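Participant: According to TrEMBL:
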{"type": "TRANSMEM", "residues": "20-40", "note": "transmembrane segment"}
{"type": "DOMAIN", "residues": "24-429", "note": "domain 'Major facilitator superfamily (MFS) profile'"}
{"type": "TRANSMEM", "residues": "60-78", "note": "transmembrane segment"}
{"type": "TRANSMEM", "residues": "90-110", "note": "transmembrane segment"}
{"type": "TRANSMEM", "residues": "122-146", "note": "transmembrane segment"}
{"type": "TRANSMEM", "residues": "167-186", "note": "transmembrane segment"}
{"type": "TRANSMEM", "residues": "192-212", "note": "transmembrane segment"}
{"type": "TRANSMEM", "residues": "251-275", "note": "transmembrane segment"}
{"type": "TRANSMEM", "residues": "287-309", "note": "transmembrane segment"}
{"type": "TRANSMEM", "residues": "316-333", "note": "transmembrane segment"}
{"type": "TRANSMEM", "residues": "339-363", "note": "transmembrane segment"}
{"type": "TRANSMEM", "residues": "375-394", "note": "transmembrane segment"}
{"type": "TRANSMEM", "residues": "406-425", "note": "transmembrane segment"}
Amino acid sequence: MLRRIRRADWPFDIRRVPFFYGWVILLLSTLGILVSIPGQTMGMAVFTDPLIDALGLSRTQLSVAYMVGTIGSSLFLTRAGRLYDRFGGRLMVAVSSISLALMLMFISVTDQLSGLFGGGPFFSFVFIMLGYFGVRFFGQGVLTSASRNVLLLWFEKRRGLVSSARGVFVSFGFSLAPLALAWLIAVNDWRWAIWVLAGCCAGFSVFAYLFLRDDPTTCGVMVDGHSEDDAPAVAIAVINFTFAQARRSQLFWVLSLSLGIHSLFGTAVVFHIVSIFSEAGRTSAEAFGYFLPAAIGSTSVNLLVGWLADKRPLKPFLIMMLVSFILGGFGLLNLHSEWGYWLLVIGFGAGGGFWSVISNLGFIRNFGPLHLGEISGLCTAVMVFTSAIGPALFSVGLDVFGTYAAAEWLCIAVLIVLLTVAIKVPHDHEQLVRG
């Protein structure tokens, strides 16, 4: 029975579908990333105040628990990527979805579990840290990475454009998530809201396993929906790097650290968005209102650059991404002014669009698809790790200097260093789309 349900033609043969099945994979890949929202910073941040009240922890204690749980989860993501290469996206997406659901249920009872041990901040800290570890590992880590990678194998000529189309829905979904989750909490309470999210994750797990497929070759179809008659006449060998080879490459670390600094900077800004805007003399309504224009800018750049990247090398887009984040950083430093606000919106918005293209195409283009799970898994570990220290870095900066400016200047300095290195490091082995 187990062998049967692992087959690519169970519960149905996709060759009977009257259209290219890659479009179904696009839908499922998009939904998979959206379902990971409870494991993303913007998903968990909405529950911060209810969890502080329920667990009896201070804001700093909860932030540290979040940081420790997130850093812990990053240590296992490379191994999870290796499992992706072995078992495929179909199983990994399904397993990570149901696991995320279980960890959400665990978080919903952490205050009660702490009470069983006599309560107090120690047990509350330990249980919520374990909960954060689980949702960050299965949500932001495994589910996001597996959902992103599974789409890349179904498209080649239109890989950039298709990935960008997915990014449009993901960007708007992530932007609307805080408001939607806040509404769920207001309808009943925080625990009920988490149960709803867990139910969605569990339902998607079943849906994904029924309809998701690992790659076209195992299903008897061709990439991009080609038939044997219109397939490219000349097959060009794809160069595949091993994990060890990729890890020794300067380009791998330029890509990973460039993506990682955005995770650090962006997560810190999202986590402290109300406080940062308040320091600049702006209201919480303005803080939450920032996300919509930034999302519009991000999706616009994402679509345009995704289309351009299908035929062009990625290095110029990597450089433009870093420049955009630097401009956004200067906007953040001058958030009290109108031009500073819009520089932040344009810089971080455009940078997010470039970031989406680089994160989708950077590794499969430069290192091949064979070990994509493990190679991209290490990058995901870097991004998860940096996202963990971002909020804490900004909190410490505020405590020590009385302002967020010191942490913002530090991020800008790192971005300038990365920009200098990115300009110098060549993309010698980038494999552009053939045909």
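Cβ atoms are placed via backbone N, Cα and C, with glycine included.
Unlike curated entries, TrEMBL annotations are predicted automatically.
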Participant: Could you check whether the transmembrane segment (60-78) packs against the transmembrane segment (192-212) - three or more CB pairs closer than 8 Å, residues at least 6 apart in sequence?
Facilitator: no
Participant: Could you name the stretch, out of 90-110, 251-275, 287-309, 375-394, with the greatest number of CB pairs under 8 A to the transmembrane segment (316-333)?
Facilitator: 251-275
Participant: Could you pull the average pLDDT for the domain 'Major facilitator superfamily (MFS) profile' (24-429)?
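Facilitator: Overall, the domain 'Major facilitator superfamily (MFS) profile' (24-429) comes to a mean pLDDT of 91.
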Participant: Taking residues 6+ outside the transmembrane segment (167-186), which of them lie with a CB under 8 Å of any CB in it?
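Facilitator: For the transmembrane segment (167-186), the list is 30, 33-34, 37, 40, 42-43, 45-47, 50, 192-193, 196-197, 288, 291-292, 294-295, 298-299, 302-303, 306, 352-353, 356-357, 360.
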Participant: Count the CB pairs under 8 A between the transmembrane segment (20-40) and each of 90-110, 122-146, 251-275, 339-363, 406-425, then give me the winner.
Facilitator: 122-146
Participant: Any residues 6+ beyond the ends of the transmembrane segment (90-110) with a Cβ under 8 Å from its own?
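Facilitator: For the transmembrane segment (90-110), the nonlocal Cβ contacts are 6, 28, 32, 35-36, 38-39, 47, 51, 54-55, 80, 83-84, 124, 127-128, 130-132, 134-135, 138-139, 142-143, 146-147, 150, 191, 194-195, 197-199, 201-202, 204-206, 208-209, 212-214.
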Participant: At a C-beta cut-off of under 8 Å, are there same-chain residues at least 6 beyond the transmembrane segment (251-275) that contact it? List them, or none.
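Facilitator: Same-chain contacts beyond the flanks: 41-42, 45, 284, 287-288, 290, 318, 321-322, 325, 329, 332, 348, 351-352, 355, 358-359, 362-363, 366-367, 375, 378-379, 382-387, 389-391, 393-395, 398, 404, 407, 411, 414-415, 418, 421-422, 425-429.
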Participant: State the residues, same chain only, that lie 6 or more residues beyond the ends of the transmembrane segment (122-146) and have a CB under 8 A from a CB inside it; answer 'none' if no residue qualifies.
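Facilitator: That would be 32-33, 35-41, 43-44, 51, 55-57, 61-62, 64-66, 68-70, 72-74, 76-77, 80-81, 84, 89, 92-93, 96-97, 99-100, 102-104, 106-107, 110-111, 113-114, 373, 376-377, 380-381, 384, 387-388.
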